[in-house]
Amino acid sequence: MDSQTTINSCKCETPSDAEDYSESLVLKPLPDGHLYAFFELKTVWHKDLHSINWANRFNVFPLSLGKLISKHELQELHFSLTKGVWKHQRWGYAIREAPPNAQLWLWFQHFHKNPQKAWRDITSELSGQFCSSINFIDNSATVQPKYSLRPEGVIDGNSLRNGSIFYGALPHESVCTENLTPWKKLLPCFATKGLATLLNAAHLFNSYYFSLAVDFRPICRDIHCESTSVELIQSISVVFNPPVMFDGKQSWSLVKLFGTTLTSTCSLAAKTTLYIDLTDTNNKNASKLTPEPTKLVYSVIGAEERKYAAYDLKQIMTQNGKALNIGQYFQDNFVYTNVKPPPLYANRFIKGYGLADGGITCHIFNNLDKPIEIVYLDVIPWYLRMYLHTLKITANSKSIKPHTIYYKPSKDRIQSHHLELLLVLPPNSMTDISYQFDRVFLKWTEYPPDANHGVYVNSAIISANLNTDKNFTYLPIRETISTQNLHFVRIYTQTLLVSLPTPDFSMPYNVICLVSTVVSLAFGPIHNLTTRRARIADNESDKKTKQSLISRVKNFFKRKTDTKSSEQKE
Amino acid sequence: MVHQMNTLFRLLFFVIIGVSLRFSLLKSSYQKEISNRVEISSPVTAWKRAIEGVTLESMSISPYSGHTFHESPIFLHFYKWLTTSGHQLVEHLFVATDIFTALLLSLVCYKQLNYLSLLEEQRISKNVKKDDIQRLSIDRSHITEQSLRVAVIYLLSPYSVLSCVGQSTSVFTNFLMALTLLTTTLEMRVVSTALLALLSVQSFYPLMMIVAIAMIIEQNRCLRDKPTKPSEPQLVHYWSPSVRFSLLSTISMFALFFAAFLFISYKLMQNNCQFIESTFGFLWTVPDLTPTIGIFWYFFTEMFDHFREFFLWTFQINAFIYVIPLALTLRKNPYFLSFILLILLSLFKPYPTVSDFAIYTALLPQWSHLFTHMKQGLIITCMFVSCSVLAPILWHLWIVMGTANSNFYFGVTLAYNTAQIFLITDLLFAFVKREFYINNGVKTEADGKLSRLELAF
């Protein structure tokens with residue numbers, strides 16, 4: 001409702017290319033004592049995707065991204081950098097799910113001429129933009145998923161074309177301050193005003209989970225969808241260390257979490273809102289919010305009512321004009337309880353011992369009473385030679401047949417294994433997807449710097465439509481929430497660390513010398529045997545030399561003794 | 001007659017032992033472990049990869065679009081037929097093929113030794129003193145015994161047994177090789193060139209055998225055609241026009257079959273040439289550095305990138321270059337040439353397995369008349385035995401326990417290849433010595449020992 005009015009009011013003010021910028025922060029005490037904070041800084045530019053070009057005036061929308069989008073004719077862009085693994089089992093679903101470490105996927109507009117080259121360019125440009133090494137996403141780390149990744153925004157009827165989606169992930173990329181700073185620079189108020197002032201690297205990175213993301217997509221401008229706008233969401237998800245650690249209560253405040261109070265709002269932002277999710281708050285353990293929220297928001301999504309305390313920060317700031325420290329204080333100590341796992345979650349791990357072969361197993365849990373259709377995407381690097389004939393899928397130890405298997409075998413040094421499965425998970429089941437691989441022996445120059453540490457394998461992606469919204473965390477105003485009873489989830493499993501067999505890195509000269517010697521051992525004698533004739537060995541002369549050698553030695557000593565004796569005589 | 005029956009019964013006895021040995025291991029829990037051994041399953045011959053190829057093919061994904069399967073499309077379709085016909089059949093066929101290989105090798109030995117003794121008889125009787133003939137000539141009465149030994153060695157040799165149990169696809173290539181040798185010895189030119197062409201399409205390196213095969217066919221033709229004249233040894237005159245024409249026809253027949261098989265492969269893969277890159281290209285560029293018992297893997301693992309191409313060329317040329325000088329030296333005995341080429345194949349191809357070792361060690365009794373002239377038999381045997389014992393141990397220490405490193409296993413493969421080289425050179429030198437005595441009469445020292453020979457220009 002709120003967003004609807006915003007869009008309408010904007011339409012009244014300026015005809016076509018107005019820009020909307022809004023900031024929101026959702027805080028949610030998690031059922032296991034952690035605290036989840038989600039920043040969403042959203043720019044909506046009421047301009048058609050195709051009419052964006054570098055000559056436009058960029059006010060709020062970041063120029064550098066706008067140029068990238070127009071130059072490479074992008075339809076959608078999704079980029080995330082993450083530290084840590086989101087624990088679905090305990091935290092439910094995140095608002096913006098992201099795999100550990102770096103991930104980038106995008107759609108090109110359907111008429112793009114050379115998407116392969118553009119993809120390479122984009123990875124290097126973004127790598128410069130965010131000071132990360134995603135330029136290491138080369139051909140061997142890129143796949144073009146068939147079913148797993150669908151456009152998230154509006155598309156023309158004919159703009160979906162095979163080969164215009166690209167997905168790449170780097171499971172060994174680490175995230176730190178140098179990635180956060182350029183991310184902040186994309187904001188219209190930078191980090192000087194507004195919610196971004198809370199983004200203090202020292203506090204953010206001292207957390208269980210941190211993820212920054214940039215999502216660009218075209219959206220409908222109004223409910224009739226006759227024209228489109230573009231939307232850029234910059235988001236940060238943080239799961240803070242449990243506040244319980246300090247005083248046994250789950251109480252928190254902005255100062256405790258971010259180390260600073262909120263002193264300003266961004267004047268370019270139309271709205272700045274802070275939400276506290278109170279849905280799961282236990283009634284027995286009463287909590288007090290200070291200051292009092294502006295209003296309570298109830299949103300009914302699906303069957304469940306969700307309750308949020310909302311703070312209109314713009315309004316509060318203009319009224320008070322002083323530093324704001326919002327907090328939630330609980331009366332009683334936090335009581336750890338069994339957390340009910342979400343309807344769908346997964347665990348993935350490595351099997352086997354030794355360095356020759358092994359296996360990967362993924363356990364997918366369906367806790368619903370209904371079957372769930374999922375798409376499973378696994379990208380296995382070429383240096384784990386996967387065997388498709390070993391693929392086994394069992395649900396509650398009964399073998400099941402996937403609806404569809406899409407498989408692209410790997411090519412050494414060129415292309416990864418790409419496996420996509422369309423599966424139906426039976427109700428209340430654990431589905432086990434497992435397959436075997438051989439560890440490939442690489443050239444000595446191909447190993448990563450710390451070769452014995454091992455190599456990382458990307459997380460698998462599981463996409464599904466769930467007809468429940470338990471364990472979800474939402475922004476109460478997010479447009480993606482459908483009014484139907486279906487909720488799309490895309491969850492990422494753990495990344496894997498696999499050790500590879502290594503050669504001795506100090507041996508190249510020795511090995512070249514030794515093997516060449518052995519080859520010459522064959523070459524020399526065969527050359528001799530084939531080019532020379534046999535004859536009787538000249539034994540006489542042989543004996544002579546032998547005798548003469550012995551006699552010479554004898555004579556040598558003899559002479560010495562002789563001379564000695566003669567000397568003595570003298 | 002009684003003697004022959006006796007031999008047959010003994011053969012049957014060993015066949016039964018061989019079959020039961022293979023089946024008992026196939027059914028045992030060790031089968032999986034054995035089939036995963038790098039000594040038995042190379043990237044080209046692993047059954048696991050063959051199955052993967054068949055799986056992809058049946059999902060209508062070209063197995064050659066990935067880098068897992070490296071055998072020819074003809075074999076791929078054979079495996080496809082095999083696996084769809086049932087699991088039992090696969091095991092039975094592996095065992096049956098291996099047994100047939102043993103029998104074929106035995107026949108090859110029998111036939112070739114008969115020809116050889118015929119061929120050498122005249123030369124020996126002409127040049128060698130009567131007293132010494134016994135020393136040099138091939139004992140006709142022993143040929144059956146030696147052929148039996150060939151079969152027994154192949155039936156019971158741990159290398160062939162393990163290859164069969166590990167379901168290495170080299171069981172089939174060995175069978176084809178044995179069949180090629182037999183049909184060649186029987187002068188079935190069309191069949192033998194066709195079989196060799198099939199082998200060459202499958203794994204390329206058997207291509208070099210065409211020289212030996214053409215020469216054997218000529219030699220046998222020569223032996224058969226001419227009526228025996230006691231004065232004249234029936235050696236082939238390679239310069240006579242009829243022989244040259246015949247040689248050319250053999251080689252062109254081979255080329256024709258080779259092209260035909262390539263074309264069939266091309267058609268089998270729905271007019272797609274991808275398989276060339278995945279089979280020949282794979283063998284030529286050696287991109288898979290999985291350890292084998294050959295000399296390529298560690299060398300190209302440790303190779304500096306800018307030298308890689310140079311050494312690839314060197315090693316590939318090295319594999320083929322010996323054919324020409326050996327063909328010239330051994331022109332009087334093409335059978336021996338084919339045997340030496342078998343050892344060279346096992347030595348210098350990029351992905352050798354123990355089944356390559358098994359096929360030529362089985363044929364060793366055929367050349368037992370050379371053993372008296374060999375010097376390093378004991379050393380070579382010891383090297384082979386110690387390598388066979390050490391290789392699995394050091395592999396386990398490196399890969400499973402993590403207490404040793406790659407150098408240990410590399411050392412063993414190096415020793416194994418050195419032993420093979422010693423075997424070749426020792427056999428060749430023994431051959432050269434014996435030829436010398438056949439041509440010049442036996443020369444002995446005063447103490448009755450054979451006099452020492454040396455090589456000179």
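Note that Cβ sites are derived from N, Cα and C of the backbone, with glycine treated the same way.
Database features (TrEMBL):
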- B:7-25: transmembrane segment (TRANSMEM)
- B:89-110: transmembrane segment (TRANSMEM)
- B:194-217: transmembrane segment (TRANSMEM)
- B:245-266: transmembrane segment (TRANSMEM)
- B:278-298: transmembrane segment (TRANSMEM)
- B:310-330: transmembrane segment (TRANSMEM)
- B:336-365: transmembrane segment (TRANSMEM)
- B:377-401: transmembrane segment (TRANSMEM)
- B:407-432: transmembrane segment (TRANSMEM)
Any residues 6+ beyond the ends of the transmembrane segment (B:310-330) with a Cβ under 8 Å from its own?
205, 208, 211-212, 215, 284-286, 295-296, 299-300, 303, 336-337, 340-341, 344, 348-350, 428, 431-432
By a Cβ-Cβ criterion of under 8 Å, what residues six or more beyond either terminus of the transmembrane segment (B:89-110) are in contact with it?
11, 15, 18-19, 22-23, 26, 82-83, 143-144, 146-148, 150-151, 154-155, 160, 163-164, 167, 171-172, 174-175, 178-179, 181-182, 185, 359, 362-363, 365-366
At least three Cβ pairs under 8 Å linking the transmembrane segment (B:278-298) and the transmembrane segment (B:7-25), pairs spaced 6 or more in sequence?
no
Take the C-beta pairs under 8 A between the transmembrane segment (B:194-217) and each of B:7-25, B:245-266, B:336-365, B:377-401. Which stretch has the highest count?
B:245-266
Hey, which bits of the same chain come close to the transmembrane segment (B:7-25), Cβ under 8 Å, at least six residues off its ends?
31, 34, 91, 94-95, 98-99, 102-103, 106, 144-145, 148, 151-152, 155-156, 161-162, 164-165
Given a Cβ distance threshold of under 8 angstroms, which distant residues of the chain, six or more beyond its ends, lie next to the transmembrane segment (B:336-365)?
39-45, 101-102, 105, 108-109, 146, 149-151, 153-154, 157, 159-160, 162-163, 168, 170-171, 173-174, 177-178, 181, 184, 203, 205-206, 208-209, 211-213, 215-216, 283, 286, 288, 292-296, 315, 318-319, 322-323, 326-327, 330, 417, 420-421, 423-424, 427-428, 431
